[in-house]
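Engineer: So that we are looking at the same thing, I have put the structure below in structure tokens.
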């Protein structure tokens, strides 16, 4: 296992607890930002590009026939293939929280509509359900099992808001465990059926689930009603004959107590559990290997990574599975220092890079939780709490530039950059230069090439010029490239002024002739 620190060049504020990562043919995509998508990326999905331990988020595209996909935090996601032998796969997304703290009960299916060397275009469709429709929830799991040449989704666990009849002003955002029902969801026909299994007595959320052929294994999780993390290990087996499906559950020994852990697959028969919590606000620093042999599951501890002191001392952490045996982790920065980062990110590789891409076993885990104030105390959702930090979007391609006014929070932004050789703006010494500046220097986006940000102060702009530029939506250029802009501009057509003839200088009806001095004055006036 190797642990590498990752630097993030842009859009750091998007990486909040509750996000999801999706792996399409080795390319990782980020989904589930905390706020609503900005005009810079209306889809809210980004290419998660990591090169040389440097992360860059690039906006992704959706096809015109796609439905709108809201940014959902803490949803249940899984890979869906039409059959075990199929190489092409899609991602199923169910539930989750919107930026308005509303819970979703919808199912979305994401697939690749087209791609080239630079861009990937997604197609998103919404699936309508009939029958026993699962209530809106978050922190649950959804997996796909295969039996007798057919496939079906298995949904379990999660939390939901208490019924409206029990909600008061003080408990309006209070949540409760969902009933421990198992839902079988047919993605093709949109049918959902609920099953009550006697072995499942308590609702669980933020657990780990592993789908293997016709079986789903439920491991760990947190019971909000009892405030416990039981060591139960459940095996849910699904049989899909021609008639009604058969579902049975078995309680297995050898479980572990953990919630909000991250599960990644290292090979066809082996998985690694990273992170999570064993007690309230006490991280679980031990990693486990989950291996399968002859339909038997074994869980054992493994050698832990060489955690950095920052990770060891941090009370909270979050992350997601990048696929191919790699986990993305985040911890809060030391906010005691004026120049400290809001987050520190790491990439943990649990396997070599030659992981089999055609893995038949699918994984799922509830890897992170929510923010404080969104729900009741003593739940996993309060284990992750960060202040947002906004960084500018890339100004390339056909996307508009990042607009700071679009942000809903009042957090510190990443404007502290060196924009030109003569730039002297410093976070420790900066004072407002314009009366319109509040807590950050004004920035101008140069549209030349791939685009870049410069300080208005370093451009020697007058304040009225800065206000004029900010009011319009046209492209403009910095001092270095303003000559290019002038060359591209088309001069406005100016109509020539009409000069009155000399005879018009005679005063009509008077019979008098103007003196030469008066004629000269009138010529200057009309000219």
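Even glycines carry a Cβ here, placed using N, Cα and C.
Heads up, TrEMBL stuff is auto-annotated, nobody curated it.
TrEMBL lists these features:
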- 419, 423, 455, 458: Zn(2+) 1 binding site (BINDING)
- 446, 452, 478, 481: Zn(2+) 2 binding site (BINDING)
- 361-370: compositional bias 'Polar residues' (COMPBIAS)
- 371-380: compositional bias 'Acidic residues' (COMPBIAS)
- 414-491: domain 'Recombination activating protein 2 PHD' (DOMAIN)
- 359-380: region 'Disordered' (REGION)
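I'd like these features described in context: how deep, what's nearby, how far apart.
Structural biologist: Long-range Cβ proximity for residue 458 (Zn(2+) 1 binding site), meaning a same-chain Cβ under 8 A and a gap of 6 or more residues, is found for 419, 420, 422, 423, 424, 425.
In the shown protein chains, 22 other C-beta atoms lie within 10 A of the C-beta of residue 478 (Zn(2+) 2 binding site).
Mean pLDDT for the domain 'Recombination activating protein 2 PHD' (414-491) in the predicted structure: 70.
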Engineer: What residues, ordered by sequence, lie under 8 A Cβ-to-Cβ from residue 446 (Zn(2+) 2 binding site) and sit at least six positions away in the same chain?
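Structural biologist: In sequence order, 452, 453, 454, 476, 477, 478, 480, 481 meet the Cβ cut-off.
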Engineer: Within 10 Å of the Cβ of residue 455 (Zn(2+) 1 binding site), how many other Cβ atoms can be counted across all chains shown?
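Structural biologist: The answer is 22.
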